[in-house]
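**Q** Take this structure, written in C-alpha cells, and hold onto it; I'll ask about it next.
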Amino acid sequence: MRTITIKPAAITHNLNQVKKFAPETKVLAMVKANAYGHGVAAVLPALQQANGVGVATLIEALEARQLGWDKTIALIEGAFTVDEWRQAIEHDISCVIHHAPQLTWALEHTPPVHCATRVVWLKYNTGMNRLGFNADGVIVAAQRLHEAGYQLILTTHFANADDQTHPLNAMQIQRFNDMLSTLQETVSADVQGSLCNSAGIVNFPTHHHDWVRPGIMLYGSTPVIDQSAYELDLQAAMEFSAQIIALQTVNAGEGIGYGSRWLAQQDTRTALVSVGYGDGYPRVIADKTYVTVIDTINHQSYPCTVIGRVAMDMIVIDVSNVPEGTALNSKVILWGNAPRVDEVATHAGTISYELLCRLSLRPQRLQG
Ligand SMILES: *Cc1c(COP(=O)(O)O)cnc(C)c1O
C-alpha cells in the first residue's frame, strides 16, 4: 500500500507561522494545482483563518466555491476568455488583469455593485517578464478600471525572492513601491498592494503591503535557499509512505534492478518497497537519497538509502542498519518529517513544488 497522508493541523500551524511573519497583512493562501498536490478539499478546512485563496484556473476557482469557500478567490492569471470573465462574475471570483484583452472584457462587462469581481488584481511587470503591464500600461489600466468602479490591488511577482541577495529583488521592490505610490496619488488613495510570495514573506518583511500570497510554506517546505523548514518552524503537511513487501540478501558482486546500476560490495540485506515513479517518486535521484523505515516490530525509525534504479512500481533500499529480522510490511516514509520533501527534491535535482504537484492518482489518500 502506498499512502499520501495530509495533515491539516500542520497546515494551520504553517498559516500561523505566515501570520507571525506578516501580522498586519491579509493572507491569500495559494491552493493552485490541487493545493500543491495536497488536495484542495483536504486543505481548505485548515485555511479558515486565511482571508482568501489563490488559484490558477477558473476550474480550480469553481472547485473552491463548490467546496464552500465563501471568502475571496483570486484567479492569478485572470480569465483566459470573455466567457471565463462572465463566469468569474457569476461566481464572485476576483481576477488578475494583466493585459489589454482582459482590460477590455472588464470595461465592457462590469460586475454588479456587490460582486467580488469588482476587486481587480492589477498585474505590474516589475522584472519577471511573464505577465503584466509595463509602467505606462498599468497607469492607464488603473485609471480606466477605477473610473469603471473597480477597486484595485496592485500586484507583481518576484523572480528571485528565494535568494535574498539577488540584485533584481531590490529593483522589483522599488518599481513596485514607486508605482503603488503613484497610483495612490493619481488614481485613488484606496489602491492596495500585494507583492510577496512565501520567499518574499520571509526575506522582505518590510514590504508586505496589504496582502501576502504564501504557497509553498503553507505546505511545510522552505521557500528560501539559506534556511531550512526546521529553522523556519514549518511542519510537513504531507507524509508520503509505502511498505516493505519483500526482504532479500544480495551477495557481493551482484547488481540490483534495471541496468544493474548498483553493485553490492559485500553481502547486503535489502528490502523491496512498493513505490516508484508510477506513484510520483522521482526516478532520477542521487545515490545518497534516503527513506525512513519504521520497523513494525520494535517501532524504531531507521534511515535507509535507496539503491539501484527507481522503477515504476518499486524501489530497493539497503536495510543493513536495521536489526536483523526487519519486518515485512514495515512502513517506509519517502518524505514527511524525515526526510523532508526539500531534501528529496535536492537529491532529484528539482524543487519541492514539482515533487508535490506531480504525485499520481495511485497512492491512497488519507487525512492524519
Ligand atoms: C504560486 C504563486 C504564489 C505562491 O508562491 P510560493 O513560492 O509557493 O509561495 C504567489 N503569487 C503568485 C502570483 C503565484 O503564482
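First residue shown is number 1, and so on along the chain.
Yeah, the Cβs are placed from backbone N, Cα and C, and that goes for glycine too.
Annotations per TrEMBL:
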- Lys32: active site, proton acceptor (ACT_SITE)
- Tyr258: active site, proton acceptor (ACT_SITE)
- Arg130, Met312: substrate binding site (BINDING)
- 237-368: domain 'Alanine racemase C-terminal' (DOMAIN)
- Lys32: N6-(pyridoxal phosphate)lysine (MOD_RES)
**Q** Using the alpha carbons only, what distance in Å do you get between Met312 (substrate binding site) and Tyr258 (active site, proton acceptor) once rounded?
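**A** Here the two Cα atoms are 11 Å apart.
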**Q** Identify, among the recorded positions Lys32, Arg130, the residue whose Cβ has the fewest other Cβ atoms within 10 Å in this structure.
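**A** Taking Lys32, Arg130 as the recorded positions, the minimal 10 Å Cβ count falls on Arg130.
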**Q** How many whole Å apart are the CA atoms of Lys32 (active site, proton acceptor) and Arg130 (substrate binding site)?
**A** 18
**Q** Using the alpha carbons only, what distance in Å do you get between Tyr258 (active site, proton acceptor) and Arg130 (substrate binding site) once rounded?
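**A** About 41 Å separates the two Cα atoms.
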**Q** When the domain 'Alanine racemase C-terminal' (237-368) is classified with DSSP, how many of its residues are helical, how many are strand and how many are coil?
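**A** Secondary-structure breakdown of the domain 'Alanine racemase C-terminal' (237-368): 16 helix, 48 strand, 68 coil.
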